[in-house]
Amino acid sequence: MADEKDYYEILGVSPNATTEEIKRAYRNIAKKFHPDVNPEPEAEEFFKRASEAYQVLSDPHKRQVYDTYGINGLKQRGFAGFTSVDEIFSTFFDDVFSDLFGTRRRRRRKPGPESGEDLRYDLSISLEEAYSGKEFEITFDKMKICPDCNGYGSLEGKEAFTICTRCNGEGQVALSRGFFTVATTCDLCGGSGYILRNPCKKCGGVGRVRGKAKLKLDIPAGVDEGTRVKISGEGNAGIRGGPAGDLYIYIHLKPHNIFRREGDNLRSEIEITFPQAVLGDIIPFKTLNGNIEVKIPAGIQSNDTITIRGRGMKKLNNRGYGDLIIDVIIKTPKKISREEKKLYKRLKEISESNR
């Protein structure tokens, strides 16, 4: 979804501004921030935002939709894309000078198919599910093809658009102002040059309706935090026969109380006693795919690591596995019995005598 922007604030006009005030504000911005007069990158970015705002607010139909429903409303009614800055800027001056010099504007193209928007779905899974892979069923909101008009916005289908009788398909009409004649956006067709006959009552002429969608996902073994899975054609439905967008699944791993992931490897800890560290031992250890025995070598030090090959995570799109890395922690007892205390003292004496 696009971020909500205040087009009036960008142009520095009030929501009650007239078309002339909007045009004047945009002209002043163009004089200061157009790339031809201001080469700074920040100026170019601001000019692009101002051009986008001008394209909407200078068009009565788009402005009405924007005032009522915001940017999302513009998208849902077929105004998903914005004209390039150069075309907006060219049209701005054409509006003022084209008819003055007797030039004729071209007829606008008939509204055609438009692709649906891509969607994002965030899926949180456990480390065990990431290790083995799993099938999930998800439910999400999306724009679907209107069942009544089949996505065309009218029961007349592809032939629903007819040339606007007021502007003759040009999208603009000539207005006389004193000695001058200027072109302005046609208020009947909203500048598109075409009128939609018999708009569908169910979708309001949009061609799409919002609804719930269910989908089964096969999440492969080995996915990691931030892994993106693309599901083609499961995004928002297209308009007027356009292709649907795609659905992108973003994977998030839940924290685990035993293991932490480091790429394809898994890391964990094991606590051993002082005698085990000195003499060595074999300790049972539970991994993600079964129990194993970890061999503790005699004389191991605290914070030493033991690496067990092939016991880490499944590698995504690969037959192999990472490694299991175990950090050894030698646990010092806080309380000991009298007998243990005697043994430790005797051990200390022996150790000191051997130095």
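In case you wondered, yes, glycine gets a Cβ from its N, Cα and C as well.
Just so you know, TrEMBL annotations never went through curation; they're auto-generated.
Features as listed in TrEMBL:
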- Cys146, Cys149, Cys200, Cys203: Zn(2+) 1 binding site (BINDING)
- Cys164, Cys167, Cys186, Cys189: Zn(2+) 2 binding site (BINDING)
- 6-70: domain 'J' (DOMAIN)
- 133-212: domain 'CR-type' (DOMAIN)
- 146-153: repeat 'CXXCXGXG motif' (REPEAT)
- 164-171: repeat 'CXXCXGXG motif' (REPEAT)
- 186-193: repeat 'CXXCXGXG motif' (REPEAT)
- 200-207: repeat 'CXXCXGXG motif' (REPEAT)
- 133-212: zinc finger (ZN_FING)
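Distribution of TrEMBL features across the structure.
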| residue | record | Cβ contacts under 8 Å, 6 or more apart |
| --- | --- | --- |
| Cys146 | Zn(2+) 1 binding site | Gly153, Cys200, Lys202, Cys203, Val206, Gly207, Arg208, Val209 |
| Cys149 | Zn(2+) 1 binding site | Leu155, Gly157, Cys200, Lys202, Cys203, Gly207 |
| Cys164 | Zn(2+) 2 binding site | Gly171, Cys186, Leu188, Cys189, Ser192, Gly193, Tyr194, Ile195 |
| Cys167 | Zn(2+) 2 binding site | Val173, Cys186, Leu188, Cys189, Gly193 |
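Non-local neighbours of the repeat 'CXXCXGXG motif' (200-207) in the same chain are 76-78, 145-149, 151-155, 239-240; each lies 6+ residues outside the stretch with a CB under 8 Å from one of its CB atoms. Model confidence over the repeat 'CXXCXGXG motif' (164-171) stands at 87, taken as the mean pLDDT rounded to a whole number. What surrounds the Zn(2+) 2 site, by Cβ distance within 8 Å of the Cβ centroid and not counting Cys164, Cys167, Cys186, Cys189, is the set Thr165, Arg166, Asn168, Gly169, Glu170, Gly171, Gln172, Val173, Asp187, Leu188, Gly190, Gly191, Ser192, Gly193, Tyr194, Ile195 from the same chain. DSSP labels the residues of the repeat 'CXXCXGXG motif' (200-207) in these numbers: 0 helix, 0 strand, 8 coil. With a 10 A radius on its CB, Cys200 (Zn(2+) 1 binding site) counts 23 other CB atoms from all the protein chains. Summarised by DSSP class, the composition of the zinc finger (133-212) is 4 helix, 37 strand, 39 coil. Within 10 Å of the C-beta of Cys203 (Zn(2+) 1 binding site) there are 24 other C-beta atoms, taking all protein chains into account. Neighbour count (other Cβ atoms within 10 Å of the Cβ, all protein chains): 25 for Cys189 (Zn(2+) 2 binding site).
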